[in-house]
Structures are given as structure tokens and as C-alpha cells.
């Protein structure tokens with residue numbers, strides 16, 4: 001790719017929403033180059049998307065274009081959008097082009113990195129499987145996460161994706177020596193603000209000495225133009241790649257929400273005049289997703305474990321956007337509205353959530369057998385629900401009645417109080433070690449706690465807490 005040695009100058013010829021056409025006199029800037037202009041006294045970055053002929057390029061604006069006029073001068077930066085990386089970004093909030101938006105002064109980074117990078121080659125990738133313990137029972141037992149894997153949180157609106165992501169950051173940042181990067185892609189500004197202040201309160205961001213913080217934040221919220229929302233995930237990933245390569249640790253990369261990345265790509269695609277494909281999405285949907293996801297990987301230097309919230313439009317998992325994401329994931333955590341309606345949080349569907357690690361050679365026989373036994377009881381309960389709805393519990397055999405009773409206890413035992421939800425629930429959050437999770441569920445499946453009431457299993461940690469709650473309930477009833 002040849003770059004112009006002198007800075008190419010051009011002028012704006014057309015503005016259609018977030019898409020801007022720029023005509024150049026001499027050498028055309030390369031595709032994906034960043035162009036600079038000013039709008040209302042503020043710097044505006046444009047990214048080259050198409051060469052149209054007649055020395056004109058079509059660009060996507062990374063900020064609002066209201067007030068931009070034809071004839072405005074534009075200069076080519078000669079490189080793609082580059083953002084500050086390294087420890088100077090810790091505890092800070094950046095926007096898509098790497099500018100600080102937390103009102104804490106400029107970022108003193110010595111190094112910048114282009115947001116468009118190639119995925120690591122085969123030789124440098126690492127392939128070993130190791131479980132990443134989250135302290136959340138339902139995840140660790142039934143759909144465990146792998147270090148350096150990609151995890152998808154699927155769910156419709158309002159079933160708890162963001163709260164689960166916040167709890168994962170909270171749990172892992174506390175027990176984890178590595179760094180986290182959080183990319184807020186097209187989600188609510190209020191949530192981004194709340195998250196920032198929660199990080200400060202919990203000590204994940206050290207406001208007195210920012211470089212001792214454990215997380216860097218990159219935001220491109222709902223009110224941003226589609227160009228910013230389509231690129232902000234790449235900005236966050238670029239920060240995560242730098243932490244992985246420089247420190248050689250396990251970096252956690254959180255994206256909330258990957259669907260908005262697709263949605264922004266679809267808006268940009270329509271503005272660029274591409275013919276839409278299925279359900280109105282961009283024809284390059286799989287390519288866009290692949291370019292992002294293939295960069296999220298473990299190398300011999302370190303690993304990036306990514307947790308991605310994936311909004312499911314109208315709760316339809318066959319929609320092209322969530323369906324395209326499925327292909328890239330190692331584990332899926334599906335949040336179910338039916339479970340959230342029962343008041344069971346986290347509302348993880350124990351039968352619909354999957355993991356590549358569900359293998360006795362990776363997890364060990366005890367963990368694998370316990371998980372499969374739990375799923376077996378829940379599956380049997382699910383198949384009996386139609387009979388119960390039509391004929392009632394009395395028509396079931398004694399064995400089935402016992403299965404239903406155990407399944408209802410297991411269902412409640414899969415709930416857990418969260419640290420980040422303490423303001424809603426009033427009860428302090430708990431993290432349950434993996435060995436206690438396995439032992440507790442093994443005992444429940446074996447029928448050792450058939451004598452405890454259902455309510456004792458709701459919103460507790462391990463089985464000892466359930467026993468203590470049962471004793472408290474018995475004392476209150478006496």
C-alpha cells in the first residue's frame with residue numbers, strides 16, 4: 001500500500017448524515033485511512049470507506065456531522081485511526097478515536113496503535129484449554145468459561161446481560177492479576193456512567209493513582225453516529241491486544257453489546273449504498289464479525305478472554321446478527337425471560353447454555369457427571385411440565401414427583417446474590433469456589449437434601465448457606 005509522502009489535501013463535496021464525500025487534488029488516501037477536518041471548531045475524524053472515481057473518496061464520520069459544510073478543507077493523516085495504548089489508558093474513558101472523555105486531562109501515552117490490525121497467525125496462537133472460574137454457580141457448573149475463549153451472553157431486553165457482565169468484571173478483577181478492557185458499544189450512556197462510578201467505588205479504578213487501576217474503558221454510546229459505534233469495538237480490542245502483548249497476561253475484554261456493532265455496520269452499509277442482505281443486514285455481516293472475532297485470541301505471549309453481551313432481537317436466536325456471532329463462541333450463556341419471570345437471577349437457562357469445555361477430560365469426571373445429572377433432572381422436569389399443566393401433580397408417579405421436587409430445588413439453587421445487584425436485592429453478593437459448587441449440587445442430586453424446603457435454596461451461595469437458611473425459616477415458622 002503506497003502512502004503519499006506529502007499530506008494530501010481535499011475538500012468536502014457532499015454530506016449525507018454520517019457519510020461524507022471528499023474530493024482530493026492529488027494522491028487519493030488509502031481505504032481505512034483517517035482524514036481530519038474541523039466542524040464547529042472541533043476536530044472531526046473521517047474514515048475512508050470507498051473510492052468513487054473523479055478523485056473522490058466516500059468516508060464515514062466518527063462524530064456528528066451537523067454543521068459540516070461543502071468546501072470545508074480536509075487533510076489525510078496517512079494512517080488508519082490510531083489510539084493511545086498502554087498503562088496510561090488504565091482508569092480512563094476513551095472515545096472511538098482515542099480522545100479522553102472523562103474530563104481528567106490528556107492521556108500521557110507514549111505509544112499509539114492503529115485500530116485495524118491483522119489477526120495473529122497460526123504459529124503464534126495457543127490452543128490449551130483451562131477453566132476460568134467466575135464464582136457464579138450456574139456458569140462454573142453447567143457452561144464453564146475457558147481462559148482465552150470467547151463467551152457470548154445471549155438475551156432479550158431487560159433479562160440481565162449488563163448486570164451479569166458487571167458481576168463478572170467485579171469477580172474477575174478482584175481475583176485476577178491481569179487487566180480488563182470494557183468496550184461500551186451502542187448501549188445506554190447512563191449505564192456507562194454507573195459502571196464507571198461502580199468501578200471507582202469497588203477499587204477496580206484507583207482514582208488517586210490511575211495507573212494502578214485494573215480496567216480501561218472505551219465508550220461509543222447509543223447517541224453516537226453509526227461510524228463511531230461500528231469502530232469502537234475495534235478501539236477497545238486494540239487496547240486489549242497491547243496489554244496482552246506487553247504484559248503477557250490474561251486480558252479480559254468485555255463488549256456490551258456486540259449486536260450494536262452489527263447494527264451500526266448495517267446503518268453504515270445502507271448509507272454507503274450497498275444492497276442489503278437477509279433481514280436488512282449488511283452483505284458483509286459475516287466478514288465484519290470475522291475480522292473482529294479472529295483478533296480476539298490467545299497467543300504464546302498471553303491471552304484475551306472475551307465476554308460479549310449479545311442482544312437478541314425479539315428473542316429470536318435465528319436472527320442473522322446473533323446467529324453469526326454463535327459461530328465464533330467457545331461458550332454461550334443464554335439468559336431466559338421465563339426464568340427471570342420466576343425471579344431467579346442470574347436468569348441463565350441451564351439447558352440452553354453450552355460450553356466447549358464440557359468434556360470429562362478437561363473438567364474431570366466428578367464435575368462432568370454432576371453437571372450432566374443436574375441437566376438430566378431439569379430436562380425431565382421440563383418434559384413433565386405439560387402433563388402437570390393438564391392433569392396436575394397427583395397424576396405423576398412417585399419417582400416423577402421426586403424428580404420435580406429436586407428440579408425445583410436445583411432451579412432455585414442456581415440463583416445467587418450478586419455484589420453489583422446488592423442495591424436491588426439488599427443481600428450481599430457471594431462468590432462460590434468451584435469445588436464447593438460441585439459438592440453442593442452432587443449432594444442435592446443424590447437426594448441428601450430432599451428434606452429442606454424449596455425456599456431455603458433461593459438466593460444463597462453453597463449448600464451450607466442453604467442449610468442455615470432452612471434453619472432460619474423453620475425458626476420463623478415455629
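Start at 1 and count along the chain as shown; that gives each residue its number.
Even glycines carry a Cβ here, placed using N, Cα and C.
The ATP binding site annotation in Swiss-Prot covers 155, 156, 157, 158, 159, 160, 161, 162. Counting Cβ atoms from all protein chains shown, residue 157 (ATP binding site) has 11 others lying within 10 Å of its own Cβ.
Compute the center of the Cβ atoms of 155, 156, 157, 158, 159, 160, 161, 162, which mark the site for ATP; besides them, the chain residues with Cβ within 8 Å of that center are 311, 335, 340. Of the binding-site residues 155, 156, 158, 160, 155 has the largest number of other Cβ atoms within 10 Å of its own Cβ.
In the three-state DSSP scheme, residue 155 (ATP binding site) is classed as strand.
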